[in-house]
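Pulled from Swiss-Prot:
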- 9, 57, 85, 91, 102, 112: ATP binding site (BINDING)
- 115: active site, pros-phosphohistidine intermediate (ACT_SITE)
């Protein structure tokens, strides 16, 4: 089953939005298989955003993600990477669907409350950065048979 990495950024944690955001993933039938509240250090932040090194927003993004705890999560489900992207909405909340997570809670492009993997390959890389294999739970979720054929 496909997995994706989701991070609730410092603004989501500080604004008390964690429960509301998790509820949206659960309501769509996604299965939570890993979660931790954590502080991101410089090395991890730089690894996470390595593809943006050299861009003007790299350093401010690294500093921001280290500024307060984040909630790192792994969700599992059918086409969960694409589903999560749809739930999150456009990166810039000004362009996001009003019903999406960013459309509902995001303040601006840098305070957009959530990060999600943009592909299966990115999900695998990001999950490996934040979780050891034994930290992910493999279980049968009650009611799974009602979610898809």
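Here the Cβ of each residue, glycine as well, is placed from N, Cα and C on the backbone.
Given the structure is predicted, the values throughout are model-derived calculations rather than measurements.
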Rounded distance in angstrom between the Cα atoms of residue 91 (ATP binding site) and the residue listed as 'active site, pros-phosphohistidine intermediate': 9
Coarse DSSP state, helix versus strand versus coil, of the residue listed as 'active site, pros-phosphohistidine intermediate': strand
Max CA-CA distance, Å, over listed ATP-binding residues 9, 57, 85, 91, 102, 112: 21
Integer Å distance between the CA atoms belonging to the residue listed as 'active site, pros-phosphohistidine intermediate' and residue 57 (ATP binding site): 15
Long-range Cβ environment of residue 85 (ATP binding site), under 8 Å and at least 6 residues apart: 116, 118
Densest Cβ neighbourhood among 91, 112 (binding-site residues), 10 Å radius: 112
Cα-to-Cα gap, residue 102 (ATP binding site) vs residue 115 (active site, pros-phosphohistidine intermediate), nearest whole Å: 10
